[in-house]
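What follows is one structure encoded as structure tokens, with my remarks underneath.
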There are 4 protein chains.
Amino acid sequence: MKSAIGQCIQLSLFGESHGEAIGVVIQGLPSGILIDQAWMQKQMEKRKPKGKISTQRQEADIPEIVSGVFEGRTTGTPLCILIRNENMRSKDYSKMRNIPRPSHADYTAQVKYQGFQDYRGGGHFSGRITAPLVAAGAIFLQMLKSKGIEVGTHVSQMQEIMDEPLADDEILLRKQLLALEDQYLACIQDSVRDAIQKRIEEAQTQGDSMGGILESAVVGMPAGVGEPFFDSVESKLAHLLFSIGAVKGVEFGDGFDFAAKTGSEANDGFAIKDGQLQTLTNHNGGINGGITNGMPLRIRTAVKPTPSIYKPQSSVNLKTGEAVTLQIEGRHDPAILHRARVVVDSMIALGLVDLLTERFGILWWKGEDACGGD
Amino acid sequence: MKSAIGQCIQLSLFGESHGEAIGVVIQGLPSGILIDQAWMQKQMEKRKPKGKISTQRQEADIPEIVSGVFEGRTTGTPLCILIRNENMRSKDYSKMRNIPRPSHADYTAQVKYQGFQDYRGGGHFSGRITAPLVAAGAIFLQMLKSKGIEVGTHVSQMQEIMDEPLADDEILLRKQLLALEDQYLACIQDSVRDAIQKRIEEAQTQGDSMGGILESAVVGMPAGVGEPFFDSVESKLAHLLFSIGAVKGVEFGDGFDFAAKTGSEANDGFAIKDGQLQTLTNHNGGINGGITNGMPLRIRTAVKPTPSIYKPQSSVNLKTGEAVTLQIEGRHDPAILHRARVVVDSMIALGLVDLLTERFGILWWKGEDACGGD
Amino acid sequence: MKSAIGQCIQLSLFGESHGEAIGVVIQGLPSGILIDQAWMQKQMEKRKPKGKISTQRQEADIPEIVSGVFEGRTTGTPLCILIRNENMRSKDYSKMRNIPRPSHADYTAQVKYQGFQDYRGGGHFSGRITAPLVAAGAIFLQMLKSKGIEVGTHVSQMQEIMDEPLADDEILLRKQLLALEDQYLACIQDSVRDAIQKRIEEAQTQGDSMGGILESAVVGMPAGVGEPFFDSVESKLAHLLFSIGAVKGVEFGDGFDFAAKTGSEANDGFAIKDGQLQTLTNHNGGINGGITNGMPLRIRTAVKPTPSIYKPQSSVNLKTGEAVTLQIEGRHDPAILHRARVVVDSMIALGLVDLLTERFGILWWKGEDACGGD
Amino acid sequence: MKSAIGQCIQLSLFGESHGEAIGVVIQGLPSGILIDQAWMQKQMEKRKPKGKISTQRQEADIPEIVSGVFEGRTTGTPLCILIRNENMRSKDYSKMRNIPRPSHADYTAQVKYQGFQDYRGGGHFSGRITAPLVAAGAIFLQMLKSKGIEVGTHVSQMQEIMDEPLADDEILLRKQLLALEDQYLACIQDSVRDAIQKRIEEAQTQGDSMGGILESAVVGMPAGVGEPFFDSVESKLAHLLFSIGAVKGVEFGDGFDFAAKTGSEANDGFAIKDGQLQTLTNHNGGINGGITNGMPLRIRTAVKPTPSIYKPQSSVNLKTGEAVTLQIEGRHDPAILHRARVVVDSMIALGLVDLLTERFGILWWKGEDACGGD
């Protein structure tokens, strides 16, 4: 469905990197949800480029809610978030119009849109278009929090540098997620954060870029959410995660490590703990048969290195057919892993809010303090 | 959308392992597509349990097309495929009604459907429900073949045993896919096939089970297919692949290996080969910005070990809350990797047919020999 | 979406008049709904041709539920209803293959499907395909009944013959709907029923056919159901009603009569009756701004005369381009109004169950007596 | 799908009457469509209130395209149209917060959104929200024009005043539509226009309002467009037309008049005219079996009188439960029929563009002059 998605909660995303504005329309939100714009802005900050490990393009990125909120709460009618573009340097791109950047969408967009695409800064394919998703995600994450559900992500791996994994124990996991919440380059271990920061800075110095793996967890999800087959929790979340430009792999629970295990090593036996059915291990990442089992969700997302590097690369002039050695200019990210973290959280939150609404209905979200206008 | 999916081509899947029948309705097929029922049956054979490496449940699995085909060709109106269940032993399951099998959907279905689910043999969650998908997939795969697009999958890894990877060179890749076509346990290298066969048989002897990794490739896809963001080729295919019960990981191109690379190592430069724009490498698996670039698609799918093992496992009686040591009976697969291969091909084919129809329109599929009734 | 529809509850319809079988898959049903197959069969009887006012084709039309029901209740997984075709006389049609019947779908199907359609008996366009909708409708109507919501329809007008309109008073309306329930040619006034019966018989004798208007009402709908704009109750129900082949007009409340009124004559003032807010009149047919207001829904549906008449008609041989005087043979309905009644009820019920599920969630349907298996 | 709709072309509508801005996001547009903003503005003028027959609220209503257009043509990525609200008098509404206006959505929105809706000026239910639909419609209408397809609507009836019907003859019909194009109160006959103008002015003087019937026609539609059952042309267009707030009836071809006819009077015989298959009459309004037959589409839409009248009306204070005599203040339309005309054209155009794209594919729209950037 193009740049639109969702069953109960529907997103319609729009905008180009160098156009007037970018934004998103959210259909299907419950009414009466308190919007914490300060926290929304805090989420936006996590996606903003900062320091030597990010691009130098600076955007205010203040989401303007132009509909769907009245007296501080959602009305239940469509909510549109608008973000104006400001800090554009479109001339940086004009000379590259016919020379596609390797591993970018320049060539594929040219074929698909037959030359009519806004090629400046990647147009609609720019990572910048994820900014409205983070603003929308702030609403979904708050909705989940109101039900005791927490979502969090850390930079788990870059080359050989590996962070400690998130815990399966609920209490410990909630602590870890809380600790990650306000970090910019979010890692569990300080030493890992420092090492990754250094590795990205080195790449930046060399005109190169880095990828890595993000690990996410969700705690507090009720059991029984998700559908068999085509709307399995894995299908739904993977669909959303793979819509983020640089994501090339997604796994749940032990994921690709299952290949090394036997059934007896991989199965999660059941037991009653604190009067509640739980699994003794969590190899399946909280999902059986596409449906949540009440254990924490465990998700890993592979993010490829930013394709915009300053080293010379082989390309072709699409007009003339001549081979070209391309030297990319402009301002680019030596890594986006740290900035993508909050986009991943937002996509997971969207998927879960959609599935929870399908399960429990839209009226389920109405909080105790919700009481309407006078 | 529950057990239904698709934009232009829509599938609605139904049935339970021990019910009357299982099947699928396909909406949106072009008219005039020649249906090769013999080849459909051949595809069904690849999914059928055979030998010691599969379950002993034997089903004829002859797909009956009850609508949408007239005089051997699709009518363009909905096509329904029906498969009767025959070889059921429902009593095997009755005593386990309240004792969920670890890592199966028994517990999550119990919560979701509140005890009303057909619990026999996994009900709608059974791997058996993928049989109609293979029949439907035979149609999609034939449509792709008519356009020169080939899809194929091999068992690429089980524990430390690794098969040769599929090639990026188009001519070589087409040869590899052809060679895989008629195998039951499909591997590129004979020695690998033997080793994997043996490993599964060992697991079977020990009452245990094996998982592994399937590698798929698609050759012949035109460039420019797919959508930015939510209908990226990765999103669409991952959604479909994760709807297969045992799939816990999906990656495209280098996938999780991107974490080890820099941008300069990971980018796919462009060049003109044989008068056509190609990439020099194929780290991105034929997809840039969610859209095909004309290179082969490369997809890897992690399949967890079959959860049905004969070794004793920890469970809980959901009625009484008592801890139970569960010893599963009945007939089960010591591995499903080899049988899942053709399901993976079918899901990829569905996704591509849907995306190609969205791109080129339904009339694009009409073959030269299509001329309607007299 | 081709022959598929619905948001929370999704239908996928299949089959041709002279094919193997016709049927429907329903996705998204709540679990635990008691299926009353005897009542389903009773509903089927209302759609069956009977007497001189209907076609002479006799079909058993016994719906076979092949999935989604276990121990008499819905499982919550897809429910497939199958009806085998039996009493076919396909040779009646073969000579007309290239001569489209006026006002039938023969010509438009020929263009759309380019000659590959199953032309026998109208194929997928046959009124016969509504049989599975009636079986599905029986489930939706029972779900509504369990919530105190009644749907009913009568033949309200044929030429100058007019039945008494359905009442706006809830108690009276419930009585009227109850009285209509078991009728075959359903009218409020006995004299009107007799006159309409006679009028159809006269048309049958003359080889001609009759159309008319069906009036429907829904009582017991809670206020607040429906969406602004594109999922207004009117949009949703009209979409479903216009999917019935012969329907060419739909109106809500005063409908086209609004053209004769001023705002002061047409507005429905508010008052409190029996402690509840109601409207003093019901010109708007229970819907304001696309959303139910708690008053009875009032819907009128125009059904065109059956296009299959025995009188000679002008047509064209599509192969040769020659003008042809067509004399239709075979067995046909001189009117379908009386048989369409229960199809209209079924479509309204589907629309309301979908909207109610969107509003209150799937768990809302769970009745008191629902308690799952032992 | 809330305030979103469409299969190939998807609209997501947002905004409230007294909010920051209203607008729409269009997903799925082909690339390379030339946007004629001057003509878009001309279409907006037809919807604008003018003279004594409309509200006195004056809005500039200049659509700002914030994404999806580059160098004057569509990019193929989402197109967002934004219209700022300016001339608001929110205080007019505050005292009526708890007193629902009869036949408005005030009460139903209160129930649905539980008091959180933006009640000012009808919020998201305001007729004002149709302004972005007209801007979007201008794009769809231009796309249709580029294929020789014309859509047009006139005020056909108000009380006993009746305009001449639109012709079925293609040449005459194209002339009629051309003549209607630039009118504000669009009628075929000058005398009818004057009479209707006078009738609305009288209602305005009396603090009352008028409804009526709009007749639309579409000429140039290719045969074979539309789907059996749930995406019949009638279903699709009725769904869109009933999403306009004041619409309470929709009919195609002879519509409700079919009730007075026999099959032999109502059937449209076939003949070859000018080497092309046509129907001798057009009782079915260009649609057989839900699919276009190449004849002009004929559609009639019933529009109820504006519910905002100045005469005293019965209402209830929702807080206190007391009966209230309500005297509406503010600025209101004594009729919206003339302004709704262009909204009806826009909705029909959206439906047809969606169906044509489904039929012929997105690349079909690419005009001869389309050649992309340099």
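The backbone N, Cα and C atoms fix where each Cβ goes, glycine too.
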The FMN site in TrEMBL lists B:His124, B:Phe125, B:Ser126, B:Gly289, B:Lys304, B:Pro305, B:Thr306, B:Pro307, B:Ser308. Which one of B:Arg97, B:Arg331 belongs there according to the record?
B:Arg331
May I ask you to pick out the binding-site residues among B:Arg47, B:His124, B:Ser126, B:Lys304, B:Thr306 with a CB closer than 8 angstroms to chain C's CB atoms, ordered by sequence, or 'none' if no residue qualifies?
B:His124
Against chain A, in sequence order - binding-site residues B:Arg47, B:Lys52, B:His124, B:Ser126, B:Lys304, B:Thr306 with Cβ under 8 Å
B:His124, B:Lys304, B:Thr306
FMN site span - longest C-alpha distance across B:His124, B:Phe125, B:Ser126, B:Gly289, B:Lys304, B:Pro305, B:Thr306, B:Pro307, B:Ser308, B:Arg331, in Å
45
Rounded Cα-Cα span from B:Ser308 (FMN binding site) to B:Lys52 (NADP(+) binding site), Å
15
Min neighbour Cβ count (10 Å) across binding-site residues B:Arg47, B:Lys52, B:His124, B:Lys304 flags B:Lys52
In angstrom units, rounded to an integer, how far apart are the Cα atoms of B:Ser308 (FMN binding site) and B:Arg47 (NADP(+) binding site)?
18
Determine, to the nearest whole angstrom, how far the Cα atom of B:His124 (FMN binding site) is from the Cα atom of B:Arg47 (NADP(+) binding site).
18
Rounded to the nearest Å - Cα separation of B:Ser126 (FMN binding site) and B:Arg47 (NADP(+) binding site):
14
CB neighbours within 10 A of B:Thr306 (FMN binding site), counting all protein chains shown, number 28
DSSP three-state assignment (helix, strand or coil) for B:His124 (FMN binding site)
helix
